[in-house]
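**Q** My questions all concern the structure below.
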Amino acid sequence: MRTLWIMAVLLLGVEGSLVELWKMVFQETGKEAVKNYGLYGCNCGVGKRGKPVDATDRCCFVHRCCYKKVTGCDPKKDRYSYSWENKAIVCGEKNPCLKQVCECDKAVAICLRENLGTYNKNHRVTVKFLCKAPESC
C-alpha cells in the first residue's frame, strides 16, 4: 500500500515529455513505467544517482547522461511528438532540441526492452542511501 502511495505522489504535477517517456517504455516493454521503473535501482526515477545495480539500471544511467547533453529545452517538461509505427518509435519532432529529447527517451525504452532479462523485482524499490558513488557520464 505504501508503494502505491509513493507512486501516486510521483505522478502529481507530471507533465511534458515524462508522459511520452512513460508511453514509450510501456510500448517497448509492456511494463508500466512508474510502477516498474519509478524507483528501480540507483538511477531510475527522480533524484537518484549511483553505480548501476544491473543492465536495467544502466539504461536509466545512460538516459540521464543523454538528458544532460540536451540544450535549449527542458527534457522533463517540454512536450514532443512521436508515433508508434510497425512496433517502432518514430521521433517526428521538427524542433532539434525536442527531437534530441525524443531520441533519448526512445533509446532508454529500447534499452529497457533489450534488458528485460536483467530486471530484478528486488531492485524495484531501491533506497538511495544504499547506492554506491555514481559514475560520471
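Note that Cβ sites are derived from N, Cα and C of the backbone, with glycine treated the same way.
Quick paste of what Swiss-Prot says about this protein:
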ACT_SITE  His63  active site
ACT_SITE  Asp105  active site
DISULFID  Cys42-Cys131  disulfide bond
DISULFID  Cys44-Cys60  disulfide bond
DISULFID  Cys59-Cys111  disulfide bond
DISULFID  Cys65-Cys137  disulfide bond
DISULFID  Cys66-Cys104  disulfide bond
DISULFID  Cys73-Cys97  disulfide bond
DISULFID  Cys91-Cys102  disulfide bond
SIGNAL    1-16  signal peptide
**Q** So which recorded positions out of Cys42, Cys44, Cys91, Cys102, Asp105, Cys111 end up within 10 angstroms of Cys65 (disulfide bond), measuring C-alpha to C-alpha?
**A** none
**Q** Would you mind ranking the disulfide-bonded residues Cys60, Cys97 by how many other Cβ atoms sit within 10 Å of each Cβ and giving me the lowest?
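**A** Checked Cys60, Cys97; of these disulfide-bonded residues, fewest Cβ neighbours within 10 Å: Cys97.
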**Q** Roughly how many Å lie between the Cα atoms of Cys66 (disulfide bond) and Cys137 (disulfide bond), rounded to a whole value?
**A** 9
**Q** If you measure from the CA of Cys42 (disulfide bond) out to 10 Å, which recorded positions from the list Cys60, His63, Cys91 are inside that radius?
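**A** Those close enough are Cys60.
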**Q** In Å, rounded, how far does the Cα of Cys91 (disulfide bond) sit from the Cα of Cys111 (disulfide bond)?
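**A** Here the two Cα atoms lie 16 Å apart.
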**Q** Please classify the secondary structure at Cys73 (disulfide bond) using three-state DSSP.
**A** coil
**Q** Taking the Cα of Cys59 (disulfide bond) as the centre, which of the disulfide-bonded residues listed as Cys44, Cys97, Cys102, Cys137 lie within 10 Å of it?
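**A** Close disulfide-bonded residues: Cys44.
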**Q** In terms of DSSP three-state secondary structure, what is the assignment for Cys104 (disulfide bond)?
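**A** The residue in question, Cys104 (disulfide bond), is helix (DSSP, three-state).
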**Q** So which one is it: of the disulfide-bonded residues Cys42, Cys66, Cys102, which has the fewest other Cβ atoms within 10 Å?
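**A** Lowest Cβ count within 10 Å among the disulfide-bonded residues (Cys42, Cys66, Cys102) is Cys66.
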